[in-house]
Amino acid sequence: MNTNLALLLLLAPFLGFLLNILFGSRLGKTLSGIIGTMAVAVSFAVTFYFFGAIAAIPEGIHISLFEWIQISNFKVDFGFQLDQLSVLWLLFVTGIGSLIHLYSINYMYDDENMHKYFAYLNLFVFFMITLVIGSNLLVMFIGWEGVGLCSYLLIGFWHKNQEFNDAAKKAFIMNRIGDLGLLIGIFILGMLFSTLDFATLKTAISGATDLNMYWLSVAAFALFIGACGKSAQIPLYTWLPDAMAGPTPVSALIHAATMVTAGIFMITRLNFLFDLTPDVQNIIAIVGAVTALVAATIGLVQNDIKKVLAYSTVSQLGLMFLALGLGAYEVAVFHVITHAFFKACLFLGSGSVIHALHGEQDMRNMGGLKKAMPITFATMLIASLAISGVPLFSGFFSKDEILLVAFHHNIPLWVVASIASIMTAFYMFRLMFLTFFKEFRGTAEQKHHLHESSPLITIPLIVLAFLATIGGLISLPGNSWLNEYLTPILPKLATAEHHLGTTEYILMAIAVIGGLVGIGIAYAKYIKQNAVPSEDAAITGFSKVLYNKYYVDEFYDAIFVKPINFLSRFFRDTVESGLSALVFGFGKLTNEISYQGKKVQNGSIGLYLFAFVLGLCAIVSYLFLAQ
Amino acid sequence: MNNILNHIGIENYIFLSVILFCIGVFGVLYRRNAIIVFMSIEIMLNAVNLLFVAFSTYHQDAQGQVFVFFSMAVAAAEVAVGLAILVSIFRNLGSITIDNLKNLKG
Amino acid sequence: MSTILIIFCVLSAVTLATAFLTIFSRNPIHSAIYLVICFFSIAGHYLLLNSQFLAIVHIIVYSGAIMILFLFTIMLMNLNEEKEVHRPRITRLGAIVSFCLICLILIAIFINSKPIVGEYVTTGEDYQSIKVLGKVLLNEYMVPFEFASILLLVAMIGTVLLSKKEKLQK
Amino acid sequence: MNVSLILIILLVGAFATFLAGDKLASKVALLFGLAAAGASIVLLNHYNLGENISFINQWITQPNISFALKADGLSLAMVLLTTVLTPIIIFSSFGNEFKNSKSFYALILFMSFAMAGTFLASDGLLYYIFWELSLIPIYFIALVWGNGDAEERKKAVVKFFIYTLAGSLFMLVAFVYLYQKAGSFLLEDLYKVNLSAAEQLWIFLAFFLAYAIKIPLIPFHTWQANVYQKAPTVGTMLLSGIMLKMGLYSVIRWQLPLAPMAAKEYMYIFIGLGIAGVIYGSIVALKQKDLKKLLAYSSLAHVGLIAAGSYTLTLDGLRGAVLQMIAHGFVVVGLFYIAEIIFRRYETRVIAEMGGIRSQTPKFTSMFLILVVASVALPSTFNFVGEFTVLYSLSQINIWFAILGGTTIILGAYYMLKMFQQAMLGETNTRIFTDVTSNEGITLVLIIAVLFFFGMYPKPIIDLITPSLEEILIQINRIN
């Protein structure tokens, strides 16, 4: 029963993919959209079954289908593990997935390749489910790489534009750098423990007494590099802003809610490993904090509505990594969930705006959309309040917990994270003000067509906004359902204390004030002063550095891409022909020897006879006299 | 039976054949006239034949002599063909000086 | 010094001398004549070795057939005049050197291999009369014998074909 | 029932194709190709049931040479690769017209015969004969039916011929030397020879030269790209799909067990060479203008990794190498076929002259993309299984090897996606590109099906090859 249902859970999106890719063009757009959405909705429904089922089975459901890869010291099965963590992830992957599919039916209706879009989206969900429910690192790796592939396909969905294709390629390759790290980590774990199975690994690591700490740390670090690639952390984050080239629902699903959280999922899954390697945890925390800050600063000055959201995503992911690095996995998971709600809502809202403006993404050309698009405005406002940490919205709870944890462990990290969240509040409301308030700054043509989006778009927005509002309820301070739920995965939660003291309240107040200050500055600048960001050329000073994202892309281009391309040309033009000439050199040498030798064969019989006699003498004397 | 080898000894025949053979070799190298070269080859052949017969007597075995017989047959054929070739070379080139025969050159 | 040894020495001297003269004669006709004498002396050696059959065959084949062929050829080509240009000195020197060398080596070899030759013992058995040879030839060596005849036939055809005047091609 | 049946079918097929005449040649060839594939599958069954399907017969007594065809799991896996790919390759050429096609198809079957023979032979000299025999058909295929300027083609092909031949002569010398010691060319007898370390080194190097040129490893690869470019696509498929694997197979079957001490002593050097090939091939592939040349360099990178895996002398390394060989065989054939399909429509192999194909051809694009991702070893494709196992074995030797070899994951994605982007994406091409025909589709779908099936369920192949690889490992680890 469980096996079949798990297969249904996994294969429903895959079936949707097959139907859409094979027959999509014949099915018609609506049907293809319905198939795509239904496929994910089925998975969502099955997830609910499992959500109920594992309540009775705390250790989770383990299903092994068949033997997959065989290595000398262990075998890897193709199997599933459905426990609290994976079901939690499944819930929002398939849940938000269904909503975004629904949203896409309208959003992508004008595209001629809509069936392909749904096929890829379904394939993505399929791989994401594989990633989440894989019972070992390698099955997880299938999903891990598979979502990368789908991300590549969807970023480059409008493949006639080579810039989009470049972005897609960049995303895939940056992810692959991380994947190499992940593979190395897998190798080391395989060698150390002769298993890649999460459950066995957990027993092996927790039970072992003489662990090789050096290699364990290396493994953890390598895995973290993998997480960096997928979850867009420094130094591998640059692909995520570029990934906004894809359709906006894709950005919402893949690049905000689900795929980019895979790194957090993996680290949480392997929390027993990371707990043993404090050095690596420190690195994770620092990388997370720095990423949060750097991305937030870049986000301050971006003018593309989706770029702002992208950097905000990177920044929020940084906060989650900070929590992971501090050992507060449940906090990171909590933030992943709330972030999924409000960020998906924000992306979908921005998609609604972009849709209404026929592809316009520059906030300098927006403004005053409040009246034309009330539902979009309202939902986005709720999500922005949530992300800014305004009390009672979900983001407040999760972000606050991260800051709390940071404060308890390391004050400088807390400072960095707090600054990042103030910035978050600022740039989110900068976005809101520029987009929805004041006068419309676009063309008259656009203004004429301004309209609220259809219900297929607004319903998901409303649902997500609702979730973004109440999402915090799952883990209220002091009485956390989430922590209890995750106890089988994170055993130390059982012993943790949940008390709220004065310090905590003060910190909360600081965070709230910080968030309000950020909003206030934005209000002062963009409503009171009525400022509109200047044109690209007019940006100067430090803003220009920020606007150009600290020139990181240029930097990578200069130290990695260009040298490799130069090397490639050098190899192609110089080394290859050199080696070739070397081989031909042997041929020429032989030719030359033969040409010289040819002169001996001048055709004179006399000379031949003479040589013959001499040869005879030599042979005879060797045969008879040498002994 | 009064046998010659009791009186002379096989070594003398060996020396004789060797010298005769070497004269043949010498002739081949020394002369340019193809006919003389040919004759020198015949001398070499005969030197070997002589040695065959001497050893045949020495071992009192008829096989050596049979061999000589065959070698004579072959020699006859060879001379016939060889001379025919020489004649046709002469006809084509007007001389049989072997230095002129450089067509073997590749 | 027995009579036989004297005869052997004389015959050998004739053989070697005529062989030398064959090579050194400027006139090919003379060479041919000397070669005939050389062959006769070799036939003498055969007689001395008591193989009459071979001696006779030798005279017939070499002195009779082959030498006649040589003479005819020489005459056909009209080579009785001395036209030959001598080879360069270096070649002649080389020829002499190699002559000495090969002589030395061959003699050295035979001296070296003397122990293998062993002592000469007569059993008195008849092994070289025409009768015995005939039996050996036509029993044991029947097939080669026939092949020899085919060889001669082929040689004959070949000779005719080679010496036939080719038609001039335009 | 024994393995000689496969060889007989292929040889008879070659003659029958030649006699069938130009019109029927391709069909007859396909028929015999399929028959050989069927026969090998039947034989595989017999083998799995534990029957002895070897064929060993004294051939020449002096010197002592046997006509020994010994089939173990490894050989059978490689023979299956050959006999399955052969009909696919033949079928793939159905869209093309060839002059004198009877000779063309006969040569393909003959080549397949020689290659299958190489995989099966367990007598040194017989193996050598098959090895060299396989060179002759590809020489003619590339020379007569190739493309491009005739003079340049001749130069490239003759270079390839002489180069590989020169390499294999050293192998012959090694075999003769071994024969002097063992008194037999049979593999089992050669195993028993006790060689000193110095002797082993020389034997190892002699074999290495032959295989390094055939595989090819850098810096012996200079023949490869040009020949791949000049040869007709069928020839390129045969070369890259099967013939390269002859070299890799031979490393495992002959070189390592015959000179294990040398292999162990200089392991790092040879693994390093393989990995250098990975990086070098990947980097050179980046800037190739010709699609076939790019694939040639990608092949160089992949075989470098396979060779590195073999030289680790671990079970994982050998197993991964064999798995990767088979996977690479299929993928590379598919990719070259893609190049051919584009050539059929656009008459070009220059990547810059393509572009904007995707919007016209959904099916073709999907299959191309699947082959691309298989080539970059996306998990769930067969290539991943191989690459993972090989990289794992490298990490057992030294983690840096795995990291350096693992750059293929990054660089491979880089050059393949770059190529895919330039060739397929972008503004719709003004020239019409018709989608795949049913023949082309069937071929590609077959290849893709194999890749995914064994990507998810490689157990049959793993079970097939593991016992024989374990035996080889025993030989490698025998005490001298």
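Any Cβ shown, glycine's included, is placed from N, Cα and C.
Per TrEMBL, the feature domain 'NADH-Ubiquinone oxidoreductase (complex I) chain 5 N-terminal' maps to A:68-118.
Per TrEMBL, the feature domain 'NADH:quinone oxidoreductase/Mrp antiporter transmembrane' maps to A:135-424.
Same-chain neighbours of the transmembrane segment (A:6-23): 32, 35-36, 38-40, 42-43, 46-47, 50, 61, 63, 80, 82, 90, 115-116, 118-120, 122-123, 125-126, 129-130, 133, counting only residues six or more beyond its ends whose CB sits under 8 Å from a CB of the stretch. The transmembrane segment annotation in TrEMBL covers A:6-23 (among others).
Taken from TrEMBL, the feature transmembrane segment applies to A:35-57 (among others).
Here TrEMBL flags A:87-105 (among others) as transmembrane segment. With a cut-off of 8 Å between Cβ atoms, the residues of this chain six or more beyond the transmembrane segment (A:87-105) that come close are 9, 30, 33-34, 36-37, 40-41, 43-44, 47-48, 50-51, 54, 117-118, 121, 125, 128-129, 132-133, 247, 249, 252-253, 257-258, 261, 265, 333, 337, 340-341, 344, 348, 351, 456-457, 459-461, 463-464, 485-486.
Residues or ranges marked as transmembrane segment by TrEMBL: A:117-135 (among others).
Residues or ranges marked as transmembrane segment by TrEMBL: A:213-240 (among others).
Away from its own ends, the transmembrane segment (A:252-274) comes close to residues 85, 89, 92-93, 96-97, 100, 103, 121, 124, 128, 131-132, 140, 143-144, 147-148, 150-151, 154, 182, 189, 198, 201-202, 205-206, 216, 219-220, 223-224, 226-233, 240, 243-244, 246, 280-281, 284, 309-310, 313, 317, 320-321, 324, 327, 329, 332-333, 336, 339-340, 343-344, 346-348, 351, 489-490 of its chain (Cβ-Cβ under 8 Å, at least six residues beyond either end). Residues annotated as transmembrane segment in TrEMBL: A:252-274 (among others).
Sequence-distant contacts of the transmembrane segment (A:280-301), counting only residues of its own chain at least 6 positions beyond either end whose CB sits under 8 Å from a CB of the stretch, comprise 217, 220-221, 224, 228, 232-234, 237, 267, 274, 307-308, 311-312, 314-327, 406, 409-410, 413, 416-417, 419-420, 423-424, 426-427, 430, 533, 539, 543, 546-547, 549-550. Taken from TrEMBL, the feature transmembrane segment covers A:280-301 (among others).
Remote same-chain residues near the transmembrane segment (A:375-393) are listed as 312, 316, 338-339, 341-343, 345-346, 349-350, 352-353, 356, 369, 399-400, 421, 424-425, 428-429, 431-432, 435-436, 452-453, 458, 461-462, 464-465, 468-469, 471-472, 511-512, 514-516, 518-519 (criterion: CB distance under 8 Å, separation of at least six residues from the stretch ends). The feature transmembrane segment is assigned by TrEMBL to A:375-393 (among others).
Within its own chain, the transmembrane segment (A:413-436) is flanked in space by residues 285-286, 289-290, 292-293, 296-297, 299-300, 302, 305, 308-309, 311-312, 315-316, 318-319, 322, 326, 346, 353, 363-364, 366-370, 373, 377, 380-381, 384, 387-389, 399, 402-403, 406-407, 510-511, 514-519, 521-523, 525-527, 532-533, which lie at least six positions past its ends and keep a Cβ under 8 Å from the stretch. Among the features that TrEMBL reports, transmembrane segment is placed at A:413-436 (among others).
According to TrEMBL, the transmembrane segment annotation covers A:456-476 (among others).
Look at TrEMBL and you will find A:505-524 (among others) tagged as transmembrane segment. The list of residues near the transmembrane segment (A:505-524) in space but at least 6 beyond its ends in sequence, with Cβ under 8 angstroms from a Cβ of it, reads 388-391, 396, 399-400, 403-404, 407, 418, 421-430, 432-433.
The annotation transmembrane segment is assigned in TrEMBL to A:605-625 (among others).
Among residues of the same chain six or more beyond the transmembrane segment (A:35-57), those with a C-beta under 8 A of the stretch's C-beta atoms are 2, 5-6, 8-10, 12-13, 15-17, 19-20, 27, 82-84, 87, 90-91, 94-95, 97-98, 101-102, 104-105, 118-119, 121-122, 125, 129.
Long-range neighbours of the transmembrane segment (A:213-240) within the same chain, counting only residues 6 or more positions beyond its ends whose Cβ lies under 8 Å from a Cβ of the stretch, are 144, 148, 167, 170-171, 174-186, 188-189, 191-192, 205, 255, 259-264, 266-267, 270, 273-274, 276-277, 279-280, 283-284, 287-288, 290-291, 294-295, 310, 313-314, 317-318, 320-321, 549, 552-553, 556. Predicted-model confidence for the domain 'NADH-Ubiquinone oxidoreductase (complex I) chain 5 N-terminal' (A:68-118) is 88, expressed as mean pLDDT.
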